[in-house]
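Below you'll find the structure, written out as structure tokens, and then a few comments.
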Amino acid sequence: QVLILKGLKQEVSCLCPSPDGLHLAVGYEDGSIRIFNLLSGEMNITFNGHRAAVTALQYDHLGGRLVSGSKDTEVIVWDVINESGLYRLRGHKDAVTQVLFLKEKNLLVTSGKDTLVKWWDLDTQHCFKTLVGHRTEVWGMALLSKEKRLITGSADSELRVWDITYIQEVKDPDEPESKKSKGPSPGTEENTKEDETLELDEHPEERIVKCSKVGSIVREGRDRVVTLAADRMGKFLACHGTDAVLEVFSVLSEEEVQKKLEKKIKKAKKKAKQKSEEVPERSVELSLQEEIQRVTNVKASSKIKSFDLILSPKGELKIVLLLQNNIIESYNLDLSAQVPQAVRASKITIGGHRSDVRTLAFSSDNIAILSAAAESVKIWNRSTLQCIRTMDCEYALCSLFVPGDRQVIIGTKTGKLQLYDLASGSLIETLNAHDGAVWSIALSPDQRGFVTGGADKCVKFWEFELVKDESSIQKRLSMKHVRILQLDEDVLCVRYSPNQKLLAVSLLDCTVKIFYVDTLKFFLSLYGHKLPVLCMDICYDGTLIATGSADRNVKIWGLDFGDCHRSLFAHDDSVMYLQFVPKSHLFFTAGKDSKIKQWDADKFEHIQTLEGHHQEVWCLALSPSGDYVVSASHDKSLRLWERTREPLILEEEREMQREAEYEESVAKEEQPVVPGETQGETGLAGKKTIETIKAAERIMEAIELYREEMAKLKEHNAICKAAGEEGKDGGRYQSQRVPFPVNPILRAFGNITPSAYVLEVFKKVKSSELEESLLVLPFSYVPDLLRLFNEYIHLGSDVELLCRALLFLLKIHFGQITGNHMLVTVIEDLKKTTISRVSEARDVLGFNMAGLQFLKREIEAKDEVTFFADATERFEEKKRKRKKKEKMVLAVL
């Protein structure tokens, strides 16, 4: 491991490296994009524009622009250098699956789950062509043969191949339209039944590019394409479905195609000579299967989630696979071999489970954590987070540490109880405990035995005993079945009261029944949940029982009379696990909504939410000290939470919760409408967020401070005039008689003028949030801002930023600005100053560019000279060696 790039709490949904390999663009589940520097590991840029998960990212060939596609059906083009959004492209009706830049022209190709492939002209920002030749979702795309061929993969076993022909801009006006478009490429007859209506030569969209279907390559997989990609050189194409097989194809270059075609023509002519016939050269064509050939299939150890491939300089194809079970595998493919076979070179794996963890337990000394899943039981060291034991087991549902922490017991889906010894890591004993799944297990408070509840409608009581094996002299631990309690419904959960007088049993009929442990007589029935109770716990003093149900509610009951104290709406989905904190009336719940929450059972209050998991949380365990919580989720992770010394203030937690809710509501609100802009194909790249609102508020506050200070200055000047002395610029010169009070904010900024303070605030607005911030700025602040812009541009500071903001303000407030007579002179002044300053900036840039190009030529010339000098030296060295060798040979002769 070399580097960890830390984002926020959202799940990563997409990755894309920059062409120079120095940056990595990361798309997140909440629609944000962050760009990380791979040298320092720092996050440089954040883009907020999408309302749903980012599904596709792509840099252009220079790395200056980044395009993103999302589940919200929109495509956004971002300017990486200026750190701002350029524009939003709307047109897809479902999630975007792939986005590709074309180097040759300023074009963009996007595919979506709406079965469409769209072509966008980025100069005019509109969709000029839509390919409708797919019957199902288009899941992937790749460009090959120097961007003259497009491959698309959808939900069937065909990879469709399209030829791209760029049509020249300048055309002969006398030439009829039907002749302007070039005819389809060879092999178009193959597999084109479904595309008869696709291409019309006279169609107006044929102005820029023509895209015609050549045929199809049939994959071996019958399911949908998950990932389709080519290497950077475009020589190899690979794809995989929802299975464990990666199919690799080689793509012939133009030279190789030409050679193969010449060979084929020679063969055809030979055959024709024998039959004394003539073969026209045009009739000999290469089939698509000859141009794109299958190399091999790579069989991974599990289902593939994603992959990437690179052709090494040695001519070896390196493939890296990310698997569904959290393993990364690297394969090498030797292309020089007669039959290329993929060989696994390396594997990155950590000691985690390969399936969902369904049960967790803490040892009595708070040090060891037990986790069990469908294939194995693992023991972890809490302090080092390392896996110290792995033992194979059946599908585990519940578990506990035997008193003494030397053995563990696992209850399985098949109804067995498995006893493991931790020292040797071996299975000591297996008992057939229930006829159905063992859903719950609970240790008795006296630690002499335990109780299990299963799907066979039985609660069984067990005791620990020491037995002597025939093979060994020493006694070993065993389990003895003592009693049975037969019930009418499946048992989902069992819990002892701390004094071991009562036993709570949760049943499939949505009730919880309480029994006396000694006589097994019925005591109470807790009735009120609409769906079965999946989890419950009794507090340390035996006064309260809390039950969590699939109806998303937690109910708190008194154990003396069985009365319901309070019902709490706990999670947005089923409550999967519930446990009291030792020696308190606080308890934790885990839900299918991926959240863990802490509650107070006395005040019936929600204390805090632990957010970190991305999917359903199946179970959790509290350490006996109450200082640690460990949780397991469907996202394949175990998370360990530690209680800190920091006091928790409920009012602050509520405030933070309200802020988070407000931020969510801001993101869901309708985006502000730009006057004069229709809701068409294009729109602004950014979106209204809490940051853009805060930025607009900061600008408003700065302008208000400027107004106040200018009013104060006028007043001060009037007083000074009356006293015979006048103050100067913002109070820098202070009268002896009438002191001018400097605003503490301006003093903090180094005693700057109010107008300079507004510029400082304006420069601190993030480039990616500038337009959205100006969009929510009320018009009453705009006249002051324009006057200030005039002042700043006149001074020549930050011309580029100010011109960008000025043009945007003019665009969105055009009617009001032109209708305001007070602003006519300001606009006239701005016109003059802006044009002169921008031309100055352009001249400086032009001069610098010319200087850099001159330096580049100088360096290249120098390099050429050294290169030739090196080459001559090397040639002389070789000559000397050859002569030496010849002399030695002669001497031997």
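Using the three backbone atoms N, Cα and C, a Cβ is placed for every residue, glycine included.
Copied over from TrEMBL, here are the features:
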type: COILED; residues: 251-278; note: coiled coil
type: COMPBIAS; residues: 190-202; note: compositional bias 'Basic and acidic residues'
type: DOMAIN; residues: 755-857; note: domain 'Small-subunit processome Utp12'
type: REGION; residues: 173-202; note: region 'Disordered'
type: REGION; residues: 663-683; note: region 'Disordered'
type: REPEAT; residues: 5-46; note: repeat 'WD'
type: REPEAT; residues: 47-88; note: repeat 'WD'
type: REPEAT; residues: 89-130; note: repeat 'WD'
type: REPEAT; residues: 131-172; note: repeat 'WD'
type: REPEAT; residues: 350-390; note: repeat 'WD'
type: REPEAT; residues: 431-465; note: repeat 'WD'
type: REPEAT; residues: 526-567; note: repeat 'WD'
type: REPEAT; residues: 568-609; note: repeat 'WD'
type: REPEAT; residues: 610-642; note: repeat 'WD'
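Counting residue by residue with DSSP, the repeat 'WD' (350-390) contains 0 helix, 19 strand, 22 coil. As a summary of secondary structure, the repeat 'WD' (47-88) carries 0 helix, 24 strand, 18 coil according to DSSP. Across the repeat 'WD' (610-642), DSSP assigns 0 helix, 19 strand, 14 coil. Confidence over the repeat 'WD' (568-609), given as mean pLDDT on the 0 to 100 scale, stands at 93. Two recorded stretches are said to be in contact when at least 3 C-beta pairs lie under 8 angstroms, sequence spacing 6 or more; the repeat 'WD' (5-46) and the repeat 'WD' (431-465) fall short of this definition. Shown for the domain 'Small-subunit processome Utp12' (755-857): DSSP residue counts in helix, strand and coil, namely 91 helix, 0 strand, 12 coil. Using a Cβ-Cβ cut-off under 8 Å and counting only residues 6 or more beyond its ends in the same chain, the repeat 'WD' (526-567) has close neighbours at 492-493, 495-499, 501-502, 504, 506-514, 573-580, 582-585, 587, 589, 591, 599, 601, 604. Sequence-distant neighbours of the repeat 'WD' (350-390) (same chain, 6+ residues past either end, Cβ-Cβ under 8 Å): 302, 325-327, 396-401, 403, 405, 408, 410-411, 420, 422, 425, 618-625, 627-628, 630-634, 636-638, 640.
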